[in-house]
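Participant: Okay, handing you the structure first.
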Amino acid sequence: MIPYPTVEDASVALGRNLTWFETVWFDYSATKSNFHVYCHTILVLFLVFSLAPFPLVIVEWTGWFDQFKIQKKVKYSLSDMFQCYKEVMKLFLLVVGTLQIVSYPSIQMVGIRSGLPLPSLMEIVAQLVVYFLIEDYTNYWIHRWMHCKWGYEKIHRIHHEYTSPIGYASPYAHWAEILILGIPTFLGPAIAPGHIMTFWLWISLRQFEAIETHSGYDFPWSVTKLIPFYGGPEYHDYHHYVGGQSQSNFASVFTYCDYIYGTDKGYRIHKKLLHHQIKEEAEEKRVRKHD
C-alpha cells in the first residue's frame, strides 16, 4: 500500500510532481495492500499464457506461413493445440497460481516494492539485462541436469512429448519442472530487486521469449534476430527434434553457454550437413535444368 493519502502528499514526499504514469499507478494501487498488488502477477501470467501464443494457432491452422515452418512434416490441428492449452491451464491453476501466492513472503523478504517512485527506463533496462543473464546461466545447468537419465525419465520427458514444439507447449511440463525452473526466473529479481512492475515486465518478456522459441517457425523478420547470441526458434527446435537423447542446445535464451561448454557441437554438425544437402539439391536442379 502506498503510504500517502493523496497525490499531493506523494509529490511532497518525493520532492517533485508525479509523472503521468505515477499518478495512474497511485490512483490504482493506493488503497490496495501489497499482497493484493502482488496477486496481479497471476493475472499477468494468465494473459501471457493465453493470448501470446494465439497468433501462432492462426498461423498453424491456416498454413499461411508454412514456408517458415521448421519441421514441415508435422502439422497440428486446432483440437491438438486446444488440448495443449487445456493441459497448460491445469498446470497454471494447480501449480503456477498457487506458487505465486505462497511465494509472497519471499517477495517481501528480497525487497521487491510496489510503491512510489516508479523506476526509470534506464533502471528497468539494466535490471532486465541482469535478470536475463542470470536466468539464462542457471537455467542452462538445470536443463543439462534434466537431460541426465533420472532427470529426463522422471521429470523432463513430459516437456519433450512435443518433438516439434508449438507456442502453447512452452510451459507444458511436469509440475516439478515448473517449480524447479521457477528458481532461475526468481533468482535475478532476488539478487537485484526492483519494482513490481519491472517484475511483471520481466516474467512477461521471459514467457514471450519461451513462446517464440517454441513456436516452430523461424520468421526472418523477427526482431529477436538482432539480439547478440540469441538462440531463437530454429536453435531450440533442434533440441526438441533430437529428443531425449539430446545433449545439445540447452540454452534458455542465449547461446554462449552451449558454445563455451561444447554442447552445441551436434547442432553445428547438423547445420553443416544441412547446408551441404541444400547445395547438392540446388546443383542437381541446375544440372537438370541445363539437360
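Cβ from N, Cα, C; glycine included.
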Participant: Quick check on the annotations: Swiss-Prot lists motif 'Histidine box-3' for one of 74-80, 102-108, 235-241. Which range is it?
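Facilitator: It is 235-241 that Swiss-Prot describes as motif 'Histidine box-3'.
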Participant: Looking only at the domain 'Fatty acid hydroxylase' (128-263), report the model's average pLDDT.
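Facilitator: Mean pLDDT, the domain 'Fatty acid hydroxylase' (128-263): 93.
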Participant: Under an 8 Å Cβ to Cβ limit, what residues of the same chain, 6 or more beyond the ends of the motif 'Histidine box-3' (235-241), are close to it?
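Facilitator: Same-chain contacts beyond the flanks: 70-71, 160, 162-165, 213-214, 216, 218, 248-251, 255, 267, 270.
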Participant: Counting only residues 6+ away from its ends, which parts of the chain sit with a Cβ under 8 Å from the transmembrane segment (178-198)?
Facilitator: 25, 37-38, 40-41, 91, 95-96, 99, 103, 106, 110-114, 118-119, 123-124, 127-128, 130-139, 142, 155, 171, 206, 252
